[in-house]
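Engineer: Sending over a structure as structure tokens; questions will come in a sec.
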């Protein structure tokens, strides 16, 4: 088979699996699990084969136009370069792990067939986005991912949090997608094609008329999808979905699609210096703000969600300084270790019966209950905190190194201001990242108090994939930073001395300070009893998690916040803690700025419709109604009345006929 | 004789019958009024037949023949009509035309009530019949 | 009437003109005066028939009307029809109507509600129809005369000859219609009686049982 055929099969197989899963879900429940896992695994193998065959050489391009579609043609096009091949392998790996993990995680869930089919559909759409060489086809995958995300976040739709979160995720991403669509059209109009290769050719020859406008419009869609400030607010709430979904969609793949999109079209953005600076500011605000917020969250998954936002900020930062190699490098390593973090968090939530860090910090021996999760999570947290030699170190160093390059004026693509912004924010975030990683580890695994509840052994499907993902988290970076430049643009990704020392240093400082703060506050845990655990410890992990999410607000007063004085984050952040826990009140700001005016407008429209338009409608209906009443009155049932009317009419007609006949 | 005399008399009798049909309440009086109208037509037929039997060379005396037919049909009509009126009177207890309003637009929302009432009334009528 | 005039009667237009010449526009003869007077009585009786509040009186005034009409038929030389009128109408139809009145227990004496509420509409329609008809009839036939001289146009002989020479088939068809009406009337009254008799029959059965 040619590489093109293999590449076509990669998105097609999960799609067929999704269709078959939806069709057979009820009639043949025995086929659901194989149909969920096998196509995804096959796609992983095929994606790996495609990557090997492509091998970082010239991009594989293939296109077919199904039918003429007006002035700008839409083609079914493949464009597989090194980025696409490697990202597809990552998507396949994470999707396979998540599908296997889900068989254990949603063991007893009655809606598992539709869940698995939606995950397969999502995987297929992500492959489509990765491989597509045509922007409209890419947009199709982009929107399918959005709708799958909506359904999967709302998987526990019995809980109001999940319902609200799925709606919010859908609406906020759509808010970005509308300008995104307009930007795509503007771009295609300028370039005369939706094909990525042709657009890049146009950009190279300087044929773009409005680069800043197009770049900013596209940036809105990217900000929505990749949860960048100011459209990031949906991602923490989306943690109301099942943990495997958070791992796949809201950590490793879908949110990375925005970064991947910019990476593909980086020359378009580079054509506008303003867009690059906006991108840099966006990345910096996202990084620093999300890291602060992560330090204050009580829900373990929300910590990871804010951490995801921050790491995506690193990637956009790398793009802002014009190096897509570093961005995609970080995307790949982050995809592996963040998926691992989420899946391990799912195991921990199941074992502890709660998603609250405050409650976990009051449990002894949680790590002995889940040794697999403990070790793999430690690895992943070290990778997150960018401690050498874990993979996160190398990818983050690549980002910081590029920023430093730009600051020192070694490249001509990006403005130096962007470099400064990214570098400073990146170092600041490195401190905070290490701090919240340390806090998470300490609170989850170093709790003291009552014995952690025994919920039995975790299913094998859930623990094995943790180790599978731990391998790349541990070793990917060290092996890859020398190999990857061949696949990417060829720029060096090896860590530079200055940024390595700086980055590792600040990370260590962050970790040590957090440890000190924890030592200081941990004595308080015994004095302040706190916490609630799920009511059905024997249920499968999904049920435990749904109950934990639903009970967090009644138990602690807020979905993100717990009044725990023993939290080291409280000591570290001081007065900032309350605002950071609430995501710096961005939701409240949006409520005042957008939701209330829209609701007021809606009630105005409703008033106009009810009182004004309806009045006209009622007025128009009144005349026929009166006529109808009059006619009904005539139906007396009295035969004589009828005959009178009949004869009166006859007389009138006869007289008329006589008059006409006599010519009068 | 002036032809207008029987013609005008016929027209007036017809309209008198018309008035009776439209204004009388008792069904038998309505039947009488119908007889008046039929007789008005008969007069017309006879008058024109007499006129034509002189004016035209040969006629079939169709006016008089038709008058005879009309008289016969009127007799049949009165027989059937009276039978119907008696049947209605037996079932409904009344021969008043303006009380027979089953085809009227009902003012009560549910029609069952109305049906129940008529059934009740016919029951009463039957009872009255039985006692009589 | 002259030969020329009778020859001229063949065509309608010249006929009227010739008749007008012979009779003059207003020349009341004895027959006309009698017709007019009897007509007035008939019309008056008809009016009383449709307006009286006493139902039995209405039937009796109907006798007067129908009798008056029989006299008019005689004046028009249609003697056979006149006798048929007396026999059938006065003799049987009115008697039937009286029976009907009795059977429906019509009140004897003045009944206040003999006229329905439709009175004014009926009056309007009737007056309008009368005006239209009278206007049309007078307008059409104001110069037309009936010649009543010579052999009677409606003698029994002439009527019988015409009826059994030219109208045999309709006559027979009419007899079938009369038969149908007879059967229909019987069926109508029998069916109504059967419906009403079902509970009554049970009652009588029980009564007889009780008597035993």
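Cβ coordinates are placed from backbone N, Cα and C, and glycine is handled just like the others.
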Engineer: State the residue range annotated as transmembrane segment by TrEMBL; the candidates are A:459-481, A:528-550.
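Structural biologist: In TrEMBL, residues A:459-481 carry the label transmembrane segment.
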Engineer: Which sequence positions outside the transmembrane segment (A:459-481), separated from its termini by at least 6 residues, show Cβ-Cβ distances below 8 Å to it?
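Structural biologist: Residues 93-94, 97-98, 100-101, 103-105, 107, 329, 332-333, 336-337, 339-340, 343-344, 346-347, 372-373, 375-376, 379-380, 383, 389-395, 398, 493-495, 541.
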Engineer: Tell me whether the transmembrane segment (A:112-130) sits in contact with the transmembrane segment (A:245-263), defined here as at least 3 Cβ pairs under 8 Å among residues 6 or more apart in sequence.
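Structural biologist: Taking Cβ pairs at least 6 residues apart, the transmembrane segment (A:245-263) and the transmembrane segment (A:112-130) are in contact, with 3 or more under 8 Å.
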Engineer: Residues sitting near the transmembrane segment (A:642-661): Cβ under 8 Å, six or more positions beyond its termini, same chain?
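Structural biologist: Sequence-distant neighbours of the transmembrane segment (A:642-661): 634.
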Engineer: Which sequence-distant residues neighbour the transmembrane segment (A:414-438)? Criterion: at least 6 residues beyond either end, Cβ under 8 Å.
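Structural biologist: Same-chain contacts beyond the flanks: 270, 273, 276-277, 279-281, 283-285, 287-288, 291-292, 294-295, 303, 306-307, 310, 313-314, 317-318, 320-322, 381-382, 384-387, 396, 399-400, 403-407, 502-503, 506-511, 513-515, 518, 569, 572.
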Engineer: Which residues, given as numbers and ranges, are at least 6 beyond the ends of the transmembrane segment (A:199-224) yet have a Cβ under 8 Å from it?
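Structural biologist: Same-chain contacts beyond the ends: 135, 172-177, 179-184, 186-188, 190-193, 230-232, 258-259, 261-262, 265, 267-269, 271-272, 274-275, 278-279, 282, 316.
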Engineer: How many of the residues that make up the domain 'NADH-Ubiquinone oxidoreductase (complex I) chain 5 N-terminal' (A:68-115) does DSSP mark as helix, as strand and as coil?
Structural biologist: 28 helix, 5 strand, 15 coil
Engineer: Grab the same-chain neighbours of the transmembrane segment (A:501-518) for me: Cβ-Cβ under 8 Å, and only residues 6 or more beyond its ends, written as numbers and ranges.
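Structural biologist: Counting only partners 6 or more residues beyond its ends, the transmembrane segment (A:501-518) has Cβ contacts under 8 Å with 385-388, 393, 396-397, 400, 426-427, 430-439, 442-443, 446, 568, 571-572.
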